[in-house]
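One structure below.
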Amino acid sequence: MARKYFGTDGIRGLVGEGVITPQFFLQLGWAVGKVLAQQNGDKSGGLVLIGKDTRISGYMFESALEAGLISAGVDVGLLGPMPTPAIAYLTRTFQASAGIVISASHNPYTDNGIKLFNTDGTKLPDDVELAIEDQLDRAMTTASKLGKARRIADAEGRYIEFCKGSLPWGFNLRGLNIVVDCANGATYEVAPKVFGELGANVIPIANKPDGLNINLDCGSTKLNQLQKHVLETGADMGIAFDGDGDRVMFVDEKGEVLDGDQLLFIIASHKHKNGGCSGVVGTLMSNFGFELGLKNQGIPFERAKVGDRYVIEAMKNNGWQVGGESSGHIVCSDVTTTGDGIIAALQVLLALKAEKQSLHQLKLRMQKMPQVMINVRVTNKVDLDSHEQVQAAIASAEKRLDGKGRVLLRASGTEPVIRVMVEGQEHQLVASLAQELADIVGEAVA
């Protein structure tokens, strides 16, 4: 059954348009509450935690969700601004019926959306999302017994202790100078405290959210300021999160970027060396050099569809504990249930301290293959699989790569774009082929 509202990572869009309205969030809160009550045998929907990032519209949507849930007889715990993975963790440890995150991740403040977690801190299964969608199309009715709402005062401290507790006893970051870019988002309080309490000298940037500056020229998708600060301060590294804290990117002491593939490689290699990595899940977008680097160590590798829910599903199916995406979504399931930027960063730092090498030296252990990705904005939906001109262009590009690269066209699950990716041994050829393909795709969807 096709979904009407939920995408690959919840619901997301421009505030005030489509379903990103207070009216819809009120109805959504009620629908979630009704489904939870049904799961509990038509008893109370239990407790639902609500957290958010720092965008200004979060307060409006928090109130709407709260009202909808309470009207369905559900108790609500309000967490305030917290990273998405923190909300997953707290949902699990509070034994809540569900957790809701109000966020649009790495998007600008003009967007917002929601993600939902199950009672065990994992993304909601498809059948539950479909049940919620079914309720959304029904008229709201107030429960005979209303729920109550309360603020969770110690949420931040609980999550900080969880992050520190994920490391071996006695581990510290003393002697490291780290620039931390909080994207003016949900990690602005938590991230500097975690690294600082572990002994690092922390230089925080983009840590003054005003509701409008989340992800604005900062964070994991805009690394220029982080690179500049690392070089100017002579720091050992920089760490950047996205607006809701489930993605992470690093910058080494030379100002060079380490993406999700390179960070996963460092984590997996260290775990493998210590007998704790039976395999790694990447995605269709993972760099081929990453795959080769793992195979050279005898580490099995599998590609899943793009989206952390598919990565986690493949990890479970294989019984593996490490997986993630080039974008910086990294899952270490021996520690947490979902992508967690801070936990992933700590795993990289654990490897760095154990290897007694600089981040740049660790970066050089994996040779990335040149990869170019171009986003083509979509105005009309077109079946590219049956589009003769597009398919002919793909075949031509693959022939020119001569079996030493990859071509991938993929519709984004969160934006109205087609991602055109070409990978190969020679950057000039890769860039040329990617642009040629993007131009042809652009004509097809115009």
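In case you wondered, yes, glycine gets a Cβ from its N, Cα and C as well.
Keep in mind that what you see is a predicted model, and the values were worked out from it rather than measured.
Here Swiss-Prot flags Ser105 as active site, phosphoserine intermediate. Note on Ser105 (active site, phosphoserine intermediate): other Cβ atoms within 10 Å of its Cβ, all shown chains, come to 30.
Here Swiss-Prot flags Ser105, Asp242, Asp244, Asp246 as Mg(2+) binding site, drawing on sequence analysis. Close to Asp244 (Mg(2+) binding site) in the fold, though at least 6 residues off in sequence, lie Asp53, Pro83, Thr84, Val101, Ser103, Ser105, Gly185, Ala186, each with a CB less than 8 Å from its CB. Secondary structure at Asp244 (Mg(2+) binding site), as computed by DSSP, is coil.
DSSP gives Ser105 (active site, phosphoserine intermediate) a coil state; it is part of no helix or strand. The phosphoserine annotation in Swiss-Prot covers Ser105 and rests on sequence analysis.
Proximity of Asp242 (Mg(2+) binding site) to non-local residues of its own chain (separation of 6 or more, Cβ distance below 8 Å) is seen for Ser105, His106, Ala183, Gly185, Asn215, Gly219, Ser220, Thr221, Gly328, Gly341, given in sequence order.
Remark: Asp246 (Mg(2+) binding site) has Pro83, Thr84, Pro85, Ser105, Asp308, His329, Thr338, Gly339, Asp340, Gly341 as non-local neighbours, by Cβ distance under 8 Å and separation of at least 6 in sequence.
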